[in-house]
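Swiss-Prot has this to say about the protein:
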BINDING   134, 135, 136, 269, 270, 271, 272, 273, 274  substrate binding site
BINDING   298, 302, 321  Zn(2+) binding site
ACT_SITE  299  active site, proton acceptor
ACT_SITE  386  active site, proton donor
C-alpha cells in the first residue's frame, strides 16, 4: 500500500521523474490547455501493466505512450474528494528502471479547483485579466493528470504560452516565439522555465497577468502589478537578503538559485505559498510599515523544510509546517533578538488555542499525526501542524540543549534532501544522530512519542519570555475597567505585533467591551483606517464581540477587499453571530472575488 491515502495513483509501481508542461493560457475561455509529458520510471519488473494517475475535472483528449497514440486508457468514476483516476494500459508492463513517456493532451474545465481567474474588474488597475494557481494540497490533479502526492518528486520544464507575462515555479529562461493573435486578439509569447531540483506536484505553480518586476536583493526580485511595484519593493528590500543569509547559517546554503516574491491580487487565499523560485504572497503583507515581512521569513524557510525535504503525505504535514515555523522563528531571533522568538511563539500559541477550540480538544485534526483516509486534506488545514509542530521541535531543542540540537538541523536537511519522509523516519533519524551522544540520548529517553504524535488537544505549554508582551497584557488589563479612558500615547512606540497581542488579550475577555468602549479604542489607537489587516481584522473581532454596530459595515467592506482565509473565515464566523443577514449578503456579493478553496470553506462555515 502506498503511504499517502490522498492519491489514487499507483506510485509504488511507477514514479514520475520528469514533467514537461507545454500549456497555453486562454483568458477568454478561462482555460489552460496543451500537452503534459510525464516521464515515469517502472519500479517493478513488468509486474504493473497500467499507470494510474490522479485527475479531477480535467478534460483528457488524447494520450500517447512513448510517442505512439493509444486508445487503451479510461477515466474512471469520480471518487470524492480525490477525483477520477486515469488508467493507461501498458501491455506487458516494463522492466524495472525503464522510463515510459506519457504525452497527455488536456484542457482544464470550469470546475478546476487549482486555478483562479480574475476579470480585469477584479484586479487593481482594472486593465487586464489575471490568473494564478494554488495546488496545495491536492489540486494539481485539476490542472493535468499527475501522481498528485508529496511522496513523488519530479524535475520540470515549463513552456507556457500567454498574451500576458508568466511566472512559474522554475528558473526563467526568457520569452520567445511571438505569435500574432487572430480577430484582433492580443499576440502571445512562449515563456520557458526549468526546475532541476525534483519537487512534489503541489509545488507546480503558474501565474499570468499584468506583472512588473523589480530587484529586492542580489538574488531576489519582487513581481506584482505595476502600480503596486514600488510599494512592494520598499516593503521587502530591507530584509529579504538578510533573511536568506541568516537561515543559510542555520541550515546550509540556499539551493534554488533565486528567491523571488510574487505579490498576488487580494483574493489569494493564503498568507503565502512557498512555490520554488517564486514565493506567492498575499498583498496583506504590503502594509506600508514592514511589520508583516515575517511571512517572507516563513516562506523562505520552506525552501529547506517542505521544498527540499517534504512530508510524504498530508498526514505528516507538521514535518513541513512545524519545521518551517521553527526556522522562521530562528531567523527572527537572529535578526531581532531571542525575545522576539518567544514573542512570535506567544502569538502562535493563541492561534493554536483557537484551532483546538474550533475543532474541539478531542478532534482527530488536533493531533500532530492525523488520519486522512477518505478525507480532504484542505478540511484539516489549521494552525495545528504549524504551532503544535513548532512546539514539538522547540521541546526537543530545550531537551538536548540548543548548541547540541543545532548540529542536528543541517544533518536532518542533508539526510532527507530531495526526498520525502514521514514522522517515524524523522524519529529514527533523530535518535540515530544522537546515539553516540550519551547525554542527548539519555534526555531523549523521556520523550513520550505516542503522546506527541497521537494525543489530541494542546501540548504542554512552555515558559515563554514575556518581556515583549507584558505591556500588551498590562494595557489589556486596564480595558477591563469600564472607566478606562484611552489615549494614543498608550501604544506609542509599539510594533504592530504588540498591538496584535493586546487585541488578542481583549478578545479573551469573558465579558466583551461595550460598544462605546469599542469605538473609543478604534479612535484612540487608529484601528479603523489602518492599512495593516492584521490590526483592522482583530479590532473588528473585538468590535463584533462588543456588538458595536459601527464596525459591521467596515467588516463587510474588508471582506470584499481581502481574500486571505485567515482573515476571511474568522470575520465571517464572528459576523454571523451578530448579523447573519449581513454575513450572507456580503458572501453573496463577494463569492466570485474569493478563490475556489476559500469560497468552499466559507460556504461550509455559513451552513454550520
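In case you wondered, yes, glycine gets a Cβ from its N, Cα and C as well.
On a predicted model such as this, the values are computed, not experimentally measured, just so you know.
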Among the recorded positions 270, 386, point out the residue whose Cβ has the most other Cβ atoms within 10 Å, with all shown protein chains included in the count.
386
Which chain neighbours of the Zn(2+) site, leaving out 298, 302, 321, have a Cβ atom within 8 Å of the mean position of the site's Cβ atoms?
272, 274, 299, 301, 305, 306, 320, 323, 324, 325, 327, 328, 386
Given the binding-site residues 134, 270, 274, 321, state which is nearest to residue 299 (active site, proton acceptor) when distance is taken between Cα atoms.
274
What does DSSP say about residue 272 (substrate binding site): helix, strand or coil?
strand
C-alpha spacing of residue 302 (Zn(2+) binding site) relative to residue 274 (substrate binding site), in angstrom:
6
Cα distance (Å, whole number) from residue 302 (Zn(2+) binding site) to residue 134 (substrate binding site):
16
Far apart in sequence but close in space: which same-chain residues, 6 or more away, have a Cβ under 8 Å from residue 272 (substrate binding site)?
279, 280, 281, 282, 285, 295, 296, 298, 299
From recorded positions 136, 270, 386, the one whose Cα lies nearest residue 321 (Zn(2+) binding site)
386
Between the residue listed as 'active site, proton donor' and residue 270 (substrate binding site), how far is it from one CA atom to the other, in Å?
14
Residues with Cβ closer than 8 Å to the Cβ of residue 302 (Zn(2+) binding site), same chain and 6+ apart in sequence?
274, 279, 320, 324
Going along the chain, which residues six or more apart from residue 136 (substrate binding site) have their CB under 8 A from its CB?
202, 203, 273
Taking 10 A as the limit, how many CB atoms besides its own sit near the CB of residue 298 (Zn(2+) binding site)?
23
